[in-house]
Amino acid sequence: MPAERSSRQNLKQATLDGALVSVSPRTSPHKAGKAPSGKPSKPERLTTDAVISIKPEFARLISTREKNHEFRKYEISKGKAERLWLYESGPVSAIRYVMSTSKPKTQGQVNDSTGIGNDDFDAGKKESKFGYPVLGLWELKEPLKPEEMRQYGLSPPQSFCYVPKTLADARKLEDMEQLF
């Protein structure tokens, strides 16, 4: 038998232990079937900037220019990413670098054997389908640890996440050291 809606007056509801609780009807508009969560709204995100997880040894190879493409199994922002914020996994556990990039290349398009992994990517020997060229690299003055990332609504990504505008405004490229 379907539940019947009661009138919009104060209601009584029992908790799991049987105690009665007074419940006021909602006074604010909400989506049908969705209760207000009480969480703050999500911050505005930039689809031109993404945080990606990377092993510290690969971030080091990028910083020394031995690796000139970052390879991924997935496309970021439909190929419109301009900057990749490199979250280095443990033991570093922080964002230390921002890499400028352009439209990703697919297998066979890199045609540059000077970078680590490029030939294997072009030959189809990697699982990765997209190669993001490393066009420039900036180092943050202070690494961005997970505790501070949370202040911007971020957590260490499994694959990638877009950068909140508030973070990009707080950590501008011109305030970072440009390595190349």
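Cβ coordinates come from backbone N, Cα and C, glycine included.
The shown structure was predicted, so the numbers you read here are calculated from the model rather than taken from an experiment.
TrEMBL annotations:
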- 1-49: region 'Disordered' (REGION)
- 103-122: region 'Disordered' (REGION)
- 103-116: compositional bias 'Polar residues' (COMPBIAS)
Do any residues of this chain, six or more beyond the ends of the region 'Disordered' (103-122), have a C-beta under 8 angstroms from a C-beta of it, and if so which?
61, 66-69, 71-72, 75-76, 79-81, 128-133
Determine how many residues of the compositional bias 'Polar residues' (103-116) DSSP places in helix, in strand and in coil.
0 helix, 1 strand, 13 coil
